[in-house]
Amino acid sequence: MLSAALLALGSGAVLWGATQRPATDAELAPLGSAEYVQVLAENIVAAEHEWRAVHAALLAGALLWALGAPALRMRTGGGFTGTGLLALGMGAALWTVALVLDGFVAPVRASAAAAQSFTVRSLDGFRATHEAAATLGVLGWLLIGLGVAALSSAAVAARELPGPVRFGTGVPGVLVGLWPLAAVGAGFFRPGVFTSELWRPTAAVTAVWFVVAAAALVWTSLVSAKQG
């Protein structure tokens with residue numbers, strides 16, 4: 001039950017963070033341009049407290065998923081479960097580094113640039129931090145997605161699970177988990193996940209999958225307890 005609660009709490013944190021995070025897509029300015037970097041830095045300085053809180057929630061959500069996921073280990077399913085847990089753990093670690101850079105280091109860099117009236121040179125440090133966070137964020141979310149896909153594949157292959165759990169959780173999870181890979185390949189998540197209009201729906205469906213997985217975990221535990 002604790003693991004299910006961790007998965008559900010993680011989803012709540014990610015959903016809140018995804019909906020509350022200010023837009024940082026091309027509506028600000030052309031992505032990668034000097035104007036974009038300056039406007040982004042100005043926006044962060046203007047709402048620094050909210051910026052930090054949102055990134056803390058997104059960071060915590062992925063860590064809670066990684067902590068709760070070992071309870072999803074299947075007795076069958078080949079090597080998918082181990083691969084999924086490894087990918088999810090690595091993804092959560094990279095995601096954490098990315099969110100620390102974007103949510104806590106970037107505001108410091110932005111404030112330093114503000115003290116120098118946002119000159120081009122003063123924004124160099126902020127730009128470097130932003131680009132590093134974007135790259136690590138893509139890699140982290142990609143690994144989280146692959147972890148979901150692998151765990152879902154293990155669920156489909158786990159014959160001890162009831163059919164509704166195997167196919168109601170497993171099949172959608174494979175699609176949800178592979179979507180970030182397709183999005184990266186199609187260029188939707190360039191230069192980062194947060195610069196894409198598809199970020200919020202992607203975060204939402206991933207969070208919903210973890211809630212469904214948590215519900216399935218509780219249900220199978222109750223069924224096993226009754227049979228025992």
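Even glycines carry a Cβ here, placed using N, Cα and C.
Going by TrEMBL, these are the annotated features:
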- 53-72: transmembrane segment (TRANSMEM)
- 84-101: transmembrane segment (TRANSMEM)
- 132-158: transmembrane segment (TRANSMEM)
- 170-189: transmembrane segment (TRANSMEM)
- 201-223: transmembrane segment (TRANSMEM)
Open item on the list: Applying the under-8 angstroms CB criterion, which one of 53-72, 84-101, 132-158, 201-223 scores highest with the transmembrane segment (170-189)?
Closed with: 132-158
Open item on the list: For the transmembrane segment (201-223), give me same-chain residues lying six or more residues beyond its boundaries with a C-beta closer than 8 angstroms to one of its C-beta atoms, as numbers and ranges.
Closed with: 1, 3-5, 7-8, 10-12, 14-15, 17-18, 61, 65, 68, 71-72, 141, 144-145, 148, 151-152, 161-162, 165, 168-169, 172-173, 176-177, 179-180, 183, 193
- [ ] With a Cβ cut-off under 8 Å, give me the same-chain residues at least six positions beyond the ends of the transmembrane segment (53-72) that come close to it.
- [x] 2-7, 9-14, 16-18, 20-22, 81, 84-85, 88-89, 91-92, 95-96, 99-100, 102-104, 140, 144, 147, 151, 154-155, 207, 210, 213-214, 217
Task: Long-range environment of the transmembrane segment (84-101) - Cβ separation under 8 angstroms, sequence gap at least 6 - done: 55-56, 58-59, 62-63, 65-66, 69-70, 72-73, 129, 132-137, 139-154
